[in-house]
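Feature annotations, reproduced from Swiss-Prot:
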- HIS181: active site, proton acceptor (ACT_SITE)
- GLY10, ALA11, GLY12, ASN13, VAL14, GLY15, ASP34, ASN101, VAL124, SER125, ASN126: NAD(+) binding site (BINDING)
- ARG88, ARG94, ASN126, ARG157: substrate binding site (BINDING)
Amino acid sequence: MARKKISVIGAGNVGATVAQFLAAKQLGDVYLFDVVDGIPEGKALDIQEGAPHWRYDLDVVGFSTSDETKYKNMEGSDVIVVTAGLARKPGMSRDDLFDKNVEIISDVSRNIKKYSPDSIIVVVSNPADIMAYALQKFTGIDPSKIMGLGGSLDSSRFRTFLAKELNVSVEDVNAFVIGGHGDDMVPFIRYSSVAGIPIENLLSKEKIDEIVKRTRFGGGEIVNYLKTGSAFYAPGISITAMVESVIMDKKRVIPCAAYITGKHADHYGIRDKFIGVPIKIGEKGVEQIYDIDFKPDELELWKKSVASVEASSKKVDEWIAKHAH
């Protein structure tokens, strides 16, 4: 059986951590790309040299894209993970990264389109829902093959905080977060439970509100501690879960930024944009989008999230119009 091929573009903390987790889970050969000379080669070699202890017989190889022809090495990738971009610094919101990152995504997109347009693509560069939209616009790739990190990580944080508060195994906590991957995310209390028991039966409203707030600013909390960068271990494993569901055709249901169109657009009140919703992930990418019903207070939060995504997506359209040759 031919081994799968996974390309990771961006060998910073997130990209390198993803590369290590993908290898550790033996999901396929990992090709790591970065514009900084030596970084992808060095990190890939370091991951490769741990193979005897991790017990993976896979190739982990790095390529510096300061020579753009090196992108040719991602040809025929089953999955491409795009983490290239600037990391957040204290005081920055995910949206502050917009201008720099859309430029980086434009370069990456050109090379994906040229060398590996049939891959399933996971977009991580912040703001991920907006960068997924930009990548789709730049490449023209079928949007069902593109998904953005967001809810997968936010839900993981939400589940962690709930499990710690209740002193139960994280495995028994089911919870999810939808909407934009930003301060407008919508943690869904009603659909959150411990072994099927609604969390509203287990925690006071005040305590739940506190956990929701911490989830919403979970990324910022880590940025404030680290000072020079943002989270990478939890994002790394959240991305790995998405890739694993594609490679193994697991059909996992995970909230991610997906392209909303057709009847889903009527339901969610947003059309032809990427926003975080529960999706089924399999070998074809986004295989199903689930429509969930909102109560009035949830709908209010959702609409706020939609407005924020619409405004940022419009900035992408303006950027493209300005830079069209």
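A Cβ is built for glycine as well, from the same backbone N, Cα and C atoms used for every other residue.
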**OP:** For the NAD(+) site as recorded (GLY10, ALA11, GLY12, ASN13, VAL14, GLY15, ASP34, ASN101, VAL124, SER125, ASN126), determine the largest distance between any two Cα atoms, in Å, rounded to the nearest integer.
**Re:** 17
**OP:** Could you find out if DSSP has ARG157 (substrate binding site) as helix, strand or coil?
**Re:** helix
Original post:
Between VAL14 (NAD(+) binding site) and ARG157 (substrate binding site), what C-alpha distance do you get in Å?
Top reply: 16
Original post:
Where among the binding-site residues GLY10, GLY12 do you find the Cβ with the fewest other Cβ atoms within 10 Å?
Top reply: GLY12
**OP:** Measuring C-alpha to C-alpha, could you say which of the binding-site residues GLY10, GLY12, ASP34, ASN126 are within 10 Å of ARG88 (substrate binding site)?
**Re:** ASN126
Original post:
Within the chain of ARG157 (substrate binding site), which residues six or more apart in sequence place their C-beta under 8 angstroms from its C-beta?
Top reply: ARG214, THR215, GLY218, ALA234
